[in-house]
Amino acid sequence: MIIVRYRNTFFAITGAIVFAALLSVAVFGLHLGTDFTGGALIQATYENGRPAPETLSQYLDTAGFSGYSLREANENDYILRAANLTSEQRGNLADTLSVGGESPAVINQLTEVGPVVGEELRNKAVIALALVLIAILFFIAFAFRKVSEPVSSWIYGLIALVTLGHDVLIPVGFYAVLGFFTGAQVDTLFITAVLTVLGYSVHDTIVVFDRVRENLRINQERGRREDFTEVAGRSLNQTLVRSVNTSLTTAMALTALFLLGPASTRDFSLTLLVGIIAGTYSSIFLATPLLVAVERWRAK
Amino acid sequence: MWKIRLTAALILALGVGFGWLVYDGQVNGTRPFRLGLDLSGGTQLVYRADLSAISEGDANESMAALRDTIERRVNLFGVSEPIVQTQHGGTFAGDPQERLIVELPGITDTQKAIELIGQTPVLEFRMLRSDQPIPATGISIDNVNEVFEMAAITGKHLASAQLQFDQSLGARPNDPVVALNFNSEGADIFAELTRNNVGKYFGIFLDGVPISIPVIREAIPGGTAVISGGFDANEAKELARNLNYGALPVPIELIGTQTVSGTLGAEAVERGITATLWGILAVVLFMIFWYRLPGIVAFLALSFYIVVILALFQWIPVTLTAAGIAAFILSVGMAVDANVLIFERMKEELRGGKDTADSIRDGFARAWLSIRDSNISSMITAIILFWFGTSLIKGFALVFGLGVLVSMLSSITISRTLLLALGVDAKSGILHFFFGSGIRN
């Protein structure tokens, strides 16, 4: 089995990808969205073409906006992020954005989040992330509770966790790049995507590991001697098609959502897509090769 | 054999029945899909209720009164199907607060929506503490809780208000005043309050400002109080009208808004439907291409899953958001996962030399554990997301959780029955091809 035999090559590739993801987070950073920081998020559409940003800024300054950011979106849209609006700013918003009637603006979306709500959501997101990790940890411990030789049960669990770390780092790193190019910010939907990836991708790894243990058991029952590398490689081979196909169907559905679906879930579907691909990759190219590497190392 | 075929026929008929119910519920409007504000267009306002002056035991009652009043006010303005609900929040920001969430479908002018709610007066009654001087009326008091204590009677005891002209001694003749009539519970409370506090000062507060602070001269049994705030006739008339629509027992403060225009919402619905259809098509084509005859069975099982989940959306009912649609599409992709696991296992059993029926049975039995495990981990995520959620994420989590559960049941029961009902021998002639998969056999 090529993947198991040349595992060091694949470790190197995986390492490079993870490094790139970390680098992208370090360089581009992750920017918290209005959901978490509090403030106002406004999307305005200009049917007759949008005004120059300088003109719009002038009107915003006059209306008492400060520390805001403007970003062009779609063909005729502006996305404005600002501090919470005063009632006067809110009442005159359409006029302000229409730059004195020159370019009539339609407010398509206005979201205001108070500081307490933002802080609460931020804390809840951290707790949700921790809860999912703990729950999945227990789940892995449960799935691998039966001890088997030559690799003990907790090592399967540990490797599943390492794999999970990989599956989350890749979409996070990807999102940092996306944020740099499109201004995507970390919002509740992003957290949702990450949590969904966590729940979904752990499963591919478990399918492969289950097969490894099943083959080990069968060998033992039949008194057959087979090298662990061989068993692992054979198991990977047997489960390869289903690993790829289960992810492929999900990826197809997500691709349809990304290409054709509503604008509000576009970044979300893309993040999920990257996460699910990363999850499939890691269950094939990282999990089992790691298992073999650990067994080899312990055998020495 | 005829038994399993009968079951299969029943399942198919049931699926068609569900499909018809969903269609009928939507087209005839008896059970239409419920769309969230991000799809229907509208405004959501989130308020924090200031309960600082209310004792903890009265908090729930005050929130209920708040909700009823706002609901009445919103209905009055002809907003169709508004949702007004209370929510306990802020615990995770170290600032627990009671919130009021108002959803106004179809209203896309945020400021107008805020003003609509904002016209609701806040009516409070407070007793002046005995050691305090009488403050001036008409201006707000900074340390109001030190100067006054809350009275047992509140704005929720108000039954009606009307404009009158002051006839009492010492008043300027024909000064407009507003008479407050309490409901029967309020009348009793007010009678007892006035009987026990003769000689004390009774403050009537409107929107946090003391309007009049009369002295209680004697017990008032009739359940009527008068606000004489030096209004002109028009002001008094407007106040009486607003009070008649209901008064809030505690002040509220706007802490969040969300508005989505109708056009953006309609576009999201349209794109959501398009994406769902293409997503389903891609998944189905892939399954049939790769798994052939079992692929068609998977398609039937998926169709069954889709009509059942859509029926559930209508019956529960689930409020669909853009995130909910995303969860639905995701669940379609994941719904066939179980079929993939089963069919792959089945092929192994076939290759291992078992006959077709046994391979189907064993394939299902052996794949079950890993199907169950994979769904457990997704359910964990769905449950935690539901807890985490804002309404947006709750929509995702609910649809996702339901989808995982229903798809698991449909793929293991429906696919199995349908496959067995075919009753064919996968090893004979042409059927060998139909039970094969992938590019090679």
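From the backbone N, Cα and C atoms, a Cβ is placed for every residue, glycine too.
The domain 'Protein translocase subunit SecDF P1' feature in TrEMBL is assigned to B:65-128.
The domain 'SecDF P1 head subdomain' annotation in TrEMBL covers B:150-250.
For B:253-423, the entry in TrEMBL reads domain 'Protein export membrane protein SecD/SecF C-terminal'.
What TrEMBL records for B:272-291 (among others) is transmembrane segment.
Below 8 angstroms of C-beta separation, residues 11-12, 14-15, 18-19, 21-22, 25-26, 31-34, 280, 283-284, 287-288, 328, 331-332, 335-336, 339, 343, 399, 402-403, 406-407, 410-411, 414-415, 418-419, 422 of the same chain, each at least six residues beyond the ends of the transmembrane segment (B:296-316), sit close to that stretch. Here TrEMBL flags B:296-316 (among others) as transmembrane segment.
What TrEMBL records for B:322-343 (among others) is transmembrane segment.
If you look up TrEMBL, you'll see B:376-393 (among others) marked as transmembrane segment. Note on the transmembrane segment (B:376-393): residues 36, 38, 44, 319, 321-323, 334, 400-401, 404-405 of its chain, located 6 or more positions outside it, place their CB under 8 angstroms from a CB of the stretch.
Looking only at the domain 'Protein translocase subunit SecDF P1' (B:65-128), the predicted model's pLDDT averages out at 86. In terms of DSSP helix, strand and coil, the domain 'SecDF P1 head subdomain' (B:150-250) has 28 helix, 32 strand, 41 coil.
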